[in-house]
Amino acid sequence: MTRLKNVSQMKPGEVGIVAGFTDDHLSVKLMEMGCLPGASVRFNFTAPFGDPVCISVSGYELSLRLDEAATISILN
Amino acid sequence: MASGKRLKIALVGNPNSGKSSLFNYLTGLNQKIGNFPGVTVEKKTGACSLLDGSVVEIVDFPGIYSIYPRSLDEQIVSEVLLDHHSSATPDKIIVVADATNLKRGLLLLTQVIDIGLPTILVLNMMDLVAKAGISYDLQLLSKKLGVPVVPINARNGIGIIELKTQLAATLPVSDKTIFSIWDDAKLPVKQLRDRVGIDNDYEAYLFLEQPQSLGFLNSERKNIVDQIRSEYKFFPGKFQGAETIHRYSFIQDLLNEITLKASVDQSWKKRSRQLDLILTHKVWGYLIFFGILFLIFQAIFAWATVPMDFIDGAFANLSRYISSVLPQGPLTSLLAEGVIPGLGGIIIFVPQIAILFAFISALEESGYMARVVFLMDKMMRKFGLNGKSVVPLMSGVACAIPAIMATRTIDNWKERTITIMVTPLMSCSARLPIFTILIALIVPDQKTLGFFNLQGLALMGLYLLGFVAAMGSAWVMKLIINVKERSYLMMELPTYRIPKWSNVGFTILEKTKAFVLQAGKVIMAITIILWVLGSYGPGDRMSKAEEVVQEQTKNMRLTEEGMADRIAAYKLENSYAGIIGKAIEPAIKPLGYDWKIGIALITSFAAREVFVGTIATIYSIGSVKEDDETTIKARMKEEINPDTGGPRFTPAVGFSLLVFYTFAMQCMSTLAVVYRETHGWKWPMIQLVYMTVLAYVSALAVYQILS
């Protein structure tokens with residue numbers, strides 16, 4: 001069984017579909033921000049030290065810390 | 001409230017939805033800032049005249065993504081919306097949504113509809129929607145949601161008239177229920193509605209889900225809520241995730257139905273993406289950010305001096321005028337030497353605060369500030385701060401008061417508290433006069449390495465010292481404060497836009513007003529207390545001042561002014577302030593200070609900017625205009641230390657004082673704001689103690705090493 005990839009492992013320009021979350025508490029907030037299971041995410045760029053990162057989801061740009069991004073599992 | 005009969009209209013919406021532009025459009029200059037009852041969250045209200053001449057009150061709420069709050073600031077929205085029977089309950093709610101990102105904006109709307117208050121949906125940024133080639137069936141949207149839908153463009157006012165017409169019309173509560181509460185929750189919700197008296201199911205459901213937002217309940221009703229919650233094992237946020245998914249699936253279906261044409265053209269975002277490549281670049285990003293910082297400092301220090309000098313002169317003239325027209329007496333003296341200089345001491349900071357907030361607000365409006373947070377977050381986190389701490393720290397260079405108020409956007413308690421605690425270490429504009437005069441006194445006006453002015457370098461060094469101390473203290477507090485609370489960033493990076501300048505103007509006005517009212521009250525009170533301490537003394541020493549001085553100076557041929565100055569100095573020495581100054585001399589001697597400097601420390605305890613004025617009086621140059629630096633400087637240079645026979649203000653004493661003023665918490669207004677923001681005396685007291693200790697120890701070290 002292959003482990004699901006998460007958003008923090010994506011490369012700039014890469015796209016994927018949100019598959020699920022590994023952190024209950026964060027998932028609630030992420031979903032409110034439009035980061036829903038099934039939504040497509042595009043990894044845009046990272047801040048100079050690799051953290052935080054910027055993704056596009058639900059039609060807008062969202063910045064997340066690396067550890068926040070790591071809780072979003074994706075399929076691509 | 002005086003406007004008790006006016007309809008109250010609440011303005012809610014996502015951050016960056018253009019809510020404040022709309023608020024400014026509706027209310028213009030009729031805005032005022034107050035507090036929500038019982039809590040310290042700032043409440044922006046404004047009067048709006050409708051087309052039929054009636055006036056309604058608009059209340060602006062902090063931007064939120066959902067009715068479930070993430071920070072203190074956001075909690076106020078649920079507090080107000082859940083309390084349906086208070087004088088603060090809004091009669092109508094406007095939900096503002098960014099029409100280019102309707103999906104996310106509708107989440108909040110569906111929650112507000114379910115709470116059961118009359119609601120209007122305002123779709124903002126319709127111009128961008130048109131550019132992107134999107135087209136919606138708004139009539140269908142309105143029908144499906146059971147609320148009026150008004151498309152607007154808050155940047156140029158299109159749609160405002162239609163909105164005002166809607167505000168004047170009677171507005172029923174939407175007959176739609178978008179989210180029906182879960183079956184497991186039906187029983188507790190019914191019990192709750194019966195026993196506490198709540199209007200609708202979703203509202204009662206939120207009572208169970210958000211115990212933190214029920215500050216308006218009396219203890220009896222609160223107990224019932226707690227009892228039911230524990231009986232049915234409800235914990236906060238229990239079904240929140242499931243509810244969000246449910247709502248979004250409704251929204252997705254709705255959007256599928258109402259979207260006539262989906263976006264074909266993303267080019268309006270293209271330029272924003274290209275800008276991001278430069279502005280968040282690892283080299284250019286920081287270079288541009290520091291360039292902007294440099295520009296801001298330049299503006300605060302160079303450009304602000306013109307209006308500041310003008311204000312200074314105007315108040316000095318007013319003082320002189322008052323004391324020349326009014327009959328002599330304590331009342332005139334209080335007015336001319338207490339109240340008016342006190343007022344001047346507040347107004348003089350207005351230009352710097354206005355300029356700073358012009359920049360900050362323009363940067364926020366443009367979307368750049370979110371990138372600053374993005375750039376700085378990782379670095380700030382190492383020090384127990386948050387990317388969002390950058391704005392307060394930057395504001396702290398002008399004044400700690402608005403800076404501390406700006407920490408409310410930090411949702412993590414620990415990071416917010418640390419930011420509040422260290423912000424006053426950033427050298428604010430009130431320290432500048434002290435720095436200027438002491439540096440002029442002890443640092444030679446020479447160039448080094450060909451072009452660096454030594455005095456300029458010393459000044460820059462002090463600002464750097466304050467910044468380093470702030471970061472160092474933050475790091476220590478990060479280790480000491482042991483609270484496990486997760487910190488989030490999760491922030492929208494809005495599309496870059498040209499700032500709307502009228503919004504910048506409104507922010508300047510708002511912040512300046514807040515400063516004048518907040519700090520003004522304290523500074524005013526302190527000035528009057530200091531005036532009393534400096535003008536009165538025990539026994540008859542004060543009343544005999546004139547005779548004593550005349551006796552002492554019999555053989556000197558003094559001019560009338562010189563005599564008056566000597567009397568003033570004698571009076572200050574024998575006043576209560578002078579007595580306290582002498583009493584603390586043993587404590588400050590190791591720092592290199594005498595009782596005269598002690599008096600200045602005492603009088604500047606509550607507001608550091610008083611230092612220069614006190615020094616001027618003490619050294620009997622009171623009659624010279626206070627801003628006449630060369631005179632004060634020359635007189636300070638002549639002052640002899642009787643123990644050594646050399647000058648009083650040696651470099652050791654001067655640097656010791658500079659370091660002291662860089663670190664000392666000598667600002668009562670800041671303490672008052674910290675008290676307000678942290679709900680108690682614990683943090684302001686810790687702040688006062690740690691900063692004073694830091695100041696004392698550092699000044700001691702500096703003096704002992706240098707002398």
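From the backbone N, Cα and C atoms, a Cβ is placed for every residue, glycine too.
Range with TrEMBL annotation transmembrane segment, chosen from B:47-70, B:95-118, B:383-406, is B:383-406. When the Cα atoms are compared, B:LYS19 (GTP binding site) and B:THR27 (Mg(2+) binding site) turn out to be 12 Å apart. Listed in sequence order, B:GLY63, B:ASP98, B:GLY367, B:GLU492, B:PRO494 are the same-chain residues at least 6 apart in sequence whose CB falls under 8 Å from the CB of B:ASN16 (GTP binding site). The Cα of B:PRO62 (GTP binding site) lies closest to that of B:ASN24, out of the binding-site residues B:ASN24, B:THR27, B:GLY28.
By the Cβ criterion (distance under 8 Å, sequence gap of 6 or more), the transmembrane segment (B:339-363) is counted as touching the transmembrane segment (B:515-534), at least 3 such pairs being found.
Same-chain residues at least 6 positions away in sequence with a Cβ under 8 Å from that of B:GLY13 (GTP binding site) are, in sequence order, B:LYS19, B:GLY63, B:ILE64, B:ILE94, B:VAL95, B:VAL96, B:ALA97, B:GLY105, B:LEU108, B:VAL122. In the three-state DSSP classification, B:ASN16 (GTP binding site) falls within coil. Ranked by the number of CB pairs under 8 Å to the transmembrane segment (B:652-675), the listed stretches B:456-481, B:515-534, B:687-706 are led by B:687-706.
Local packing around the binding-site residues B:GLY28, B:PRO62 was summarised as the count of other Cβ atoms within 10 Å of each Cβ; on this measure the leading residue is B:PRO62.
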